[in-house]
Amino acid sequence: MKNLMYRLDVKGSPYLYIVPFFLLFAAFGIFPLAYTAWVSLHEWSLLSETHTFLGLQNYRELFADEYFWNALRNTAQIWVLSTVPQLLMALLLAHVLNQRLRAPTFWRMTAVLPNITSVAAVAIIFAQIFGKDYGLVNWILETLGLGRIDWQAGTASSQIAISVMIIWRWTGYNALIYLAAMQAVSKDLYDAASLDGASSFQQLTRITVPAIRPTIIFTVIISTIGGMQVLAEPLLFGGGSMTGGSDRQFQTLSLYLYEVAFSRFDFGYASTAAWAMFGIIVIVAAINYFLTSRLRRS
Amino acid sequence: MRPALNGGSLRRRAVTVAVPLLAAALVMTTAACGGSDDPAKPGEKVKLTIATFGEFGYKDLYKEYMAANPNVEIVERITKAEDHHKNLAAHLATNTGAADIEAIEEGWAGQFTANPGKFYNWNDYGAAEIKAQWPAWKWQQGSSAKGEVVGLGTDVGGMAMCYRRDIFEKAGLPTDREAVSKLWPTWEEYIATGVKFKNANIKGSAWMDGPTIMYRSVLGQQPVGIYDADKVVVETNPGVKKAWDLTIDAINKGLSAKIAPWSADWNAGMAKGSFVTLACPSWMMAYIQSQAKDSSGKWDIAAVPGGGGNWGGSFLTLPKQGKNVQEAAKLAKWLVAPEQQAKVFRALGNFPSTVSLYEESVIKDFKNPFFNNAPVGQIFSNSVKTMVPQYMGPKSGDINTAIQNGLTRVEQGKQKADEAWTQSVKDVNALL
Amino acid sequence: MTVTMTRPKGDAEAVAPTPPSRRYKGFVERRPGKLTYLALTGLALFSAFPLYWSFVVGSHDNGVLGEVPPPLGLGPNLFANVERAFGTIDFAKALANSFMVSGAITISVVLFSTLAGFAFAKLAFRGRNALLVMVIATMMVPTQLGIIPLYMLMAKIEWTGTMYAVVAPGLVSAFGVFFMTQYLGEAVPTELIEAARADGCTTLRIFWHVVLPVSKPAAAVLGMLTFMTAWNDFFWPLVVLTPEDPTVQVALSALASGYITDFSLSLTGTIIATVPLLVVFVALGKHIIGGIMQGAIKG
């Protein structure tokens, strides 16, 4: 009898732990997603009553849509420009915050400040920083004799500016995630390293990074997903323009989707774009996973 | 369909039947939530919801109306314009959640008037009797291609040309507004004057801010715009091409400061004089005043080239999902009536869309001290009266964006004019 | 995604218990110098600037946006703007709603994520990997479009306009489950669980006595991130709520008027919306952010 209970506990109880999550998730997470998958097979304007079934027509159209590919390219570029520095800086910041600081709570609070600042304030301030005629960055460039840049007009310049906004907003967020993981690393390791005369930076690269590698991989996956869905920053940078610049030079995938859904009200095609995005992220994540796990083994 | 109109018990029953497990889980975790939907007492009182964005200046009018109609309770919902229209689309798409009266703005109006099935037709609620109140173009903007009237006009923007007196003087141009208006009866002459100004070589000042507003103003003065009846005619309509060519001409002659509207540089430029002319609708006056508050008297207002014009203005609609259409129609008609429009103008300056008011002193004698006492009431009403009706199709907003992006590409030096036109036309066709 | 469930090699040594005195000593050795504080101060200023800028604009009027160079000091209008903001919006109600919504979502997300994360990270059951991959995969579909079907669902069960409609979709988060799974995978030694099992502990007791204490730092971080996200969320609440009974972010939308945004007013509004969040974090700082330190693994 006791044996049976034990077996039931081991085999059955895991499901009890995940059931609450999946029940709620099915209703409020999966259902809307599945519904948009269905919508993506239709000609479906948000305001019209008739929805014509199209099969895969929307998908064929999407794959021939140069603005979709343009948005994908922009998204990938902005992702690289923003994610790599962001995660490196977050790691450094977490390492510093993990030391025995005076007023540790205060310093950790400052790390989350960018994330709780309202996006309206962020938009206004970055518009001023990257202004063409009276912006702060151009003022510095001009003082250094480098000349002004029309940040919005250029492809590279606009994407750099957007990446700066992303890095600013999300570095502290990732630092906190790293910080939590660093707590699980034994202090003995640092003690031993200190005795051996390892510098703080060596401790970071030789002890911390290997120990929290799964968390680093986690943040890479999370920021890949987040990076593919960047919407607020390019929307705000363009002053609310949904096309992301005159030549769509900084229109990301999410912004394109947003344009289709909420400017053109074409719910069907927008859903198609959403699911195509999903497919692409899966492929990217798979490659990512493949590479990082190869790295782990080597 | 507001929750308040449904019995609380009905709600609870629906919940228990539909998702018992979820409900249990939710009640557990959100027991603190609630009190948000007290069931309405079954009284005679009619509750009307009206959703607007920004300042319609209706607060006092609601009080007045409720005092005169004790059976009506008005609940106002204000959201920011972008959110408001996105929400309205979502609520219409799901056939639930819209207010009894929903305001729509000119820039979005085409998408809603293209789906008249989602709204009550004002013609069925006595709009024909008051039609004469509005200029023809305003009436047209609120109507579908087949003539169903979706929205009744509230305010309009009108159009004038703001200019910097002080910098005009430096460049040797006349400063008096009558004389300035005579400089540019047409857009061609506006450009020619711009070239004169450019040759005067005033450092740090360009003739105009950017191409967007000029293009929109010229387009608005053409007999046919983006749509001819319900067909998009961008490629074939000489009117669109004329607006394009004129704007390109101004860009190529180096008249643009290359500043996007609403940007930080634009705000700063108003005070600094980065551009010396700015096509301005009536609501722009308050904006200039707030951005360049130390330049009182430096900005002045003349007539817009080509005569007529409008930018902005709104409509009141009655979504089909509303339950109290008779009462809602009564309230909305009262709100857009000339007397109420005059009150709103006095309180907030929203320019009325009632032609008859333009002859009354409230408008006729209206002057703006910040702009050297310019008789702005007359200037704006002239532009409204001479504006031509154009049908706002469902896609004119996105189509104009595609064309304006083309103009900006030329301005930014990314493309030659004909390349940009070809791409814009391609973009327009992709939208159809 | 099994990678998230395996423990790092470097962690193997960490299983042996450490005397507290030595751990303390370890900290002392890594006391940072002046340069660190200087860098942190710079970073703090950088992080705080837009928030400070909100105060600057909120205490002037709209014209401040056109000034070059922009003023850096506070202006005279802050209280007038606060008064105007409170006159336009029922902030008390909006703040109360936001606290309820964010609180309920945070508690729920942390609880359910820890439960599911424990199962995914440390328990063997059929379909584990497939289910976990599915959870992660759903994060990859952009959520903006989900609002239409979600709205239809809420209309069906007649929750539109109520706080239930905002809370319900936030109760669980795929991010939270993924986060907890990988954290617990790292932080809880499998040996410990096996040992506990050998002693005849049930799964529930293992969860309670082994997993919960260890999960504290991650729970603190997850709770904080969730609360922030829920507090600042406006896309869905704007659609499903009405300004009559809003959360803070929905209420703020009423401050941005018409053609011309009064930035001094709307930024004043965002200050009123942000300060309570800051106050909560500071007040609970020792417990929330400090909590990140407490749960450090013992063995």
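Cβ coordinates come from backbone N, Cα and C, glycine included.
Looking at A:145-166, A:211-232, the range tied to transmembrane segment in TrEMBL is A:211-232. Stretch with the largest number of CB pairs closer than 8 A to the transmembrane segment (A:211-232), among A:15-38, A:76-97, A:109-131, A:267-291: A:76-97. It is A:15-38 that, among the stretches A:15-38, A:76-97, A:109-131, forms the most Cβ pairs under 8 Å with the transmembrane segment (A:267-291). If one looks beyond the transmembrane segment (A:15-38) by at least 6 residues along the same chain, the residues whose Cβ comes under 8 Å of a Cβ in the stretch are 271, 274-275.
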